[in-house]
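Trainee: Got a structure for you, questions after.
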Amino acid sequence: MKQKLLELILTHAYRYSEQPFTLASGKKSRHYFNCKEITLVPDRLELLCKFIVERHLDESGILKPQAFGGLTMGADPICYGISLEFRKQDKNIYPLIVRKFSKDHGTNKLVEGAVHEVKSCVIVDDVITTGGSTIQAIRSMRDSGIVVVQGICILDRQEGGMDAILAEGVQMFPIFKKSDFGNLEHE
């Protein structure tokens, strides 16, 4: 299953360009991983979430909390998919979504979902570079009274993000590291 995910990422999510891409962190890179090509395609998302629930959580020693949540939009489909995989086991594990900015109407909440049902959460992200988006989500969860126990991501670009998140007190467990892809073409 993990090998199939790696192949899907290389085939559908990985891009190389002589003209560097601007990453969410603001950094520039010729190597771009658009994991939404995995998470927004139903059969690929299903495989990813099935792998996370059936293998990655146990292999990494990740605690099974009451929720999985992260910053919109990278985490959204992953959190929903994980929740649905747990429903197949008759377990309610809630998806939580962290807004980038609070709304100026309604409840003005940054964290959406069954927050009143949740005391602990595994933070989720698709790709980690500097860790800035994940740290924003962790802080918003904590401000909402939720304990972030650990984290998962599809890909660690190995550019310091894991250390920055660990400095926030959260250990991340990536499914893949950039180095897992070997010598990427055009290195």
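Backbone N, Cα and C define each Cβ position, glycine as well.
The following feature annotations were taken from Swiss-Prot:
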BINDING   Arg99, Lys100, Lys103, His105, Asp125, Asp126, Val127, Ile128, Thr129, Thr130, Gly131, Gly132, Ser133  5-phospho-alpha-D-ribose 1-diphosphate binding site
BINDING   Thr129, Arg157  orotate binding site
Trainee: Fill in the CA-CA distance, Arg157 (orotate binding site) to Thr129 (5-phospho-alpha-D-ribose 1-diphosphate binding site), as an integer in Å.
Mentor: 5
Trainee: Which residue, out of the binding-site residues Arg99, Lys103, Arg157, shows the minimum number of other Cβ atoms inside 10 Å of its Cβ in this structure?
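Mentor: Per-residue Cβ counts within 10 Å for the binding-site residues Arg99, Lys103, Arg157 bottom out at Lys103.
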Trainee: Could you say whether, by DSSP, Gly131 (5-phospho-alpha-D-ribose 1-diphosphate binding site) belongs to a helix, a strand or a coil region?
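Mentor: Note: Gly131 (5-phospho-alpha-D-ribose 1-diphosphate binding site) is coil by DSSP, not helix or strand.
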